[in-house]
Amino acid sequence: ATLQCSWALTPTDCKTTKPLAEKALDLINKWRRDGYLFQLLRVADAHLDGAESATVYYLVLDVKETDCSVLSRKHWEDCDPDLTKRPSLDVIGQCKVIATRYSDEYQTLRLNDFNCTTSSVSSALANTKDSPVLFDFIEDTEPFRKSADKALEVYKSESEAYASFRVDRVERVTRVKGGERTNYYVDFSVRNCSRSHFHRHPAFGFCRADLSFDVEASNLENPEDVIISCEVFNFEEHGNISGFRPHLGKTPLGTDGSRDHHHPHKPHKFGCPPPQEGEDFSEGPPLQGGTPPLSPPFRPRCRHRPFGTNETHRFPHHRISVNIIHRPPPHGHHPHGPPPHGHHPHGPPPHGHPPHGPPPRHPPHGPPPHGHPPHGPPPHGHPPHGPPPHGHPPHGPPPHGHPPHGHGFHDHGPCDPPSHKEGPQDLHQHAMGPPPKHPGKRGPGKGHFPFHWRRIGSVYQLPPLQKGEVLPLPEANFPQLLLRNHTHPLKPEIQPFPQVASERCPEEFNGEFAQLSKFFPSTFPK
């Protein structure tokens, strides 16, 4: 028998580890390619393994999704609250993170790997038998792609700058029912499909569409009102060659596609794209000469006539957000002029707490969350698509460098559909992943980016939690790191993730988020 050497990890204090945990979470946000920015609620557990040249941290982080897309490349503290009338959502998560801090002059932090689980708790918080408003978190977002396409067409008709954009991924759909209205709030990412533009600046965007229907409406093809706002983000390269550290900033576009210069420049925190093949994601020394400040996006405001009309309106330049409002004409008559300036169709959604979160999906085969699925224990043996017991994934993670089935790094987005020569069956030969129609896993490779990065990290979206349920823990196994130790030994080596919590953890929840604490496991093994 072979004796595998292992050194005991040192429990450490969650409170003193928080600054490093914040940096690690920021790296996770910068690495991801879909979903919403995580903000740190608390450090739930912390261990370390120190050596002369580096210290490896093993962290458990309780997080909450913000309303900002990861495409914005913002720090979560720079994610301004949504000041519109649309509801916000409560989506919580927990991440198990391994990160290494090096003892160099920059105290460089490297993100080695992470696994996260997320779930919406909005319905559990807001829906009661006496509530006049009901919130539903729509798990299957794909049926709303057509609605997103139509909303984007409205937007494109008002601005030539967006003419070559197409819907990339429907991220989040929420239904709010109350009174005489049913509103659907649809968030989706978009991609610039102009080849001449894409090869110079791979531009992506993020849109929010509010679709309003009569409460009895069964046809979701033609909403009575549409409001849409979009932002565009450009991935431009700045920095030294050795570090390959382009900054990821926004490009403000006017209605003619030109940059807007009417707004003062405001510095933003920003991050780096994932490292190239074979590297981990890390911070590093600042760019030589600093980085030019980023200006906020120009998002003019306008109102839109019904689908099918040719009339357009100028964008008033004194506004800083794009809201295109669409109202179909009553029975064959076009409306005579736009609605009152700034008026939301039928007012805000009915009063009450809105639901929060991205469309949860069942986790695929792969390193699933720890423990049982959120809605009761699985039947005897491994469930077909739910999270198997901790430490026993049915197929294990995909081979190193290969994303799970259907989530490849290949440039197969709305602009370039997969060829017949390389379909899902070809990807499946390289890696075991979720079967078709179960796109539960969102890793950094998911999404249609033309970059070929080494895949690390996973985010599993689980079904919404109900009252009395707690968030299943993420998988604690990182076999890729342990395997890599034997071929590329590190000092200190990566150890198995600790199974016993530190006595000096967890942190207390901030009072602002105290209502979320009941959805996290209250105790850890000690």
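Numbers run from 1 along the shown chain.
For all residues, glycine too, the Cβ spot is worked out from N, Cα and C.
Listed in Swiss-Prot:
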COMPBIAS  260-269  compositional bias 'Basic residues'
COMPBIAS  328-346  compositional bias 'Basic residues'
COMPBIAS  347-401  compositional bias 'Pro residues'
COMPBIAS  408-429  compositional bias 'Basic and acidic residues'
COMPBIAS  438-449  compositional bias 'Basic residues'
DISULFID  C14-C505  disulfide bond
DISULFID  C68-C79  disulfide bond
DISULFID  C95-C116  disulfide bond
DISULFID  C193-C415  disulfide bond
DISULFID  C207-C230  disulfide bond
DISULFID  C272-C302  disulfide bond
DOMAIN    127-243  domain 'Cystatin 2'
CARBOHYD  N115  N-linked glycosylation site
CARBOHYD  N192  N-linked glycosylation site
CARBOHYD  N240  N-linked glycosylation site
CARBOHYD  N310  N-linked glycosylation site
CARBOHYD  N485  N-linked glycosylation site
REGION    243-449  region 'Disordered'
SIGNAL    1-8  signal peptide
Between C230 (disulfide bond) and C68 (disulfide bond): CA-CA distance (Å): 12
Proximal residue to C230 (disulfide bond) among recorded positions C95, N115, N192, C505 (C-alpha distance): N192
Counts of helix, strand and coil residues, the domain 'Cystatin 2' (127-243), according to DSSP: 24 helix, 53 strand, 40 coil
Residues near C193 (disulfide bond) in space but at least six apart in sequence (CB under 8 A): S164, F165, R166, P414, C415
Neighbourhood of C116 (disulfide bond) by C-beta distance under 8 A, where only residues 6 or more apart in the same chain count: I28, F38, V63, G93, Q94, C95, K96, G457, S458, V459, Y460, P474
Spatial neighbour of C207 (disulfide bond) that is closest, considering only the recorded positions C14, N192, C505 and their CA atoms: N192
Segment-level pLDDT (mean, integer) for the domain 'Cystatin 2' (127-243): 81
Which listed residue (N115, N192) has most other Cβ within 10 Å, given these are glycosylation sites: N115
Helix, strand or coil at C505 (disulfide bond) [DSSP, three-state]: coil
Residue with minimal Cβ packing [other Cβ atoms within 10 Å] among the disulfide-bonded residues C68, C79, C207, C230, C505: C79
Among C95, C415, which are disulfide-bonded residues, the residue with the most C-beta atoms within 10 angstroms of its C-beta: C95
